[in-house]
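Look at TrEMBL and you will find His29 tagged as active site, tele-phosphohistidine intermediate. What TrEMBL records for Glu105 is active site, proton donor/acceptor. Marked as substrate binding site by TrEMBL: Arg28, His29, Gly30, Glu31, Thr32, Leu33, Ala34, Asn35, Arg78. Annotated compositional bias 'Polar residues' per TrEMBL: 176-186, in sequence order. Annotation comment: TrEMBL describes 210-234 as compositional bias 'Basic and acidic residues'. The region 'Disordered' feature in TrEMBL is assigned to 166-186, 208-234.
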Amino acid sequence: MPNSSMHSDFDITLETMIRRKFMITLIRHGETLANRQKIMQGQMDTQLSDLGIQQAQLVANRLEDEKFTHIFSSDLARAAVTAQTILAANKFFTGKLVLDTRLRERGFGDLEGKYVSEYRKAAEAANISMEKYVPEGAETIKQVTDRAIEFLDHLCSLIAEPLIHGNDTSTEEPESNTNHTSQSCTNTVDEQCQSYQKMEAHSSGLLHVDIPDSQRFSEQKTDRCDDSDERPTS
């Protein structure tokens, strides 16, 4: 048997992947003032608002009994502070928070720091949907997807037992057919880490993995979440 399996999206070592399972708890950062003002942050390093700090603490309280083995975060302050709050409240985690630039929000180029309405107008002027519009200097969806895949490949290489464990403890069920997740909304993904065929990363950083029907994928429902903003902000 060859040592690796090559897919159109990325290459993963079979020794790492076969019969390994992991569960990832995905948490969006708390609210920032830019979120409240409908400003596109992208990779701007903005801070949590007072409400965002409260949201992070509520999630931390909810996850205090989870037995995480690894905790990763974007290096941007809004995500890192949310993760640090969760780490500080957790009763079992003894490791360190790992900051990784591959987990950053999509870069929106010239439109970072602008209002979402300006993004919408620019997309309309180009006769392109907001989801597909790429401002000058911005990352494409493929570029975001590629770094998300690279990070997931790294995650899988670390797996000996379930990597990041979360049960049904989350916040409210997200809307169906949406391409974002709300501030401090927790999503749990249960995956058998074998062969992936396609991964998509929406601008919120929420990962969706499409795999063969023969393999298991479930995004467990959430039970408390406040969806008060619109996309594309982070």
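For all residues, glycine too, the Cβ spot is worked out from N, Cα and C.
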Quick one: Cα separation, Arg28 (substrate binding site) versus Glu105 (active site, proton donor/acceptor), in Å?
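That separation, Cα to Cα, works out to 11 Å.
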If the substrate binders are Arg28, His29, Gly30, Glu31, Thr32, Leu33, Ala34, Asn35, Arg78 per the record, what's the largest distance between their Cα atoms, in Å?
15
Taking just the CA atoms, what is the gap between Ala34 (substrate binding site) and Glu105 (active site, proton donor/acceptor) in Å?
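Approximately 14 Å lies between the Cα of Ala34 (substrate binding site) and that of Glu105 (active site, proton donor/acceptor).
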How far is it from Arg78 (substrate binding site) to Glu105 (active site, proton donor/acceptor), counting Cα to Cα, in Å?
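With distance taken Cα to Cα, Glu105 (active site, proton donor/acceptor) is 11 Å from Arg78 (substrate binding site).
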In whole Å, how far is Thr32 (substrate binding site) from the residue listed as 'active site, proton donor/acceptor' when you measure between their Cα atoms?
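Computed Cα spacing between the residue listed as 'active site, proton donor/acceptor' and Thr32 (substrate binding site) is 14 Å.
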Please determine which of the recorded positions listed here (Arg28, His29, Arg78) has the lowest count of neighbouring CB atoms within 10 Å.
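If we count Cβ atoms within 10 Å for the recorded positions Arg28, His29, Arg78, the smallest count is at Arg28.
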Give me the count of other Cβ atoms within 10 A of the Cβ belonging to Ala34 (substrate binding site).
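Cβ-Cβ neighbours of Ala34 (substrate binding site) within 10 Å number 22.
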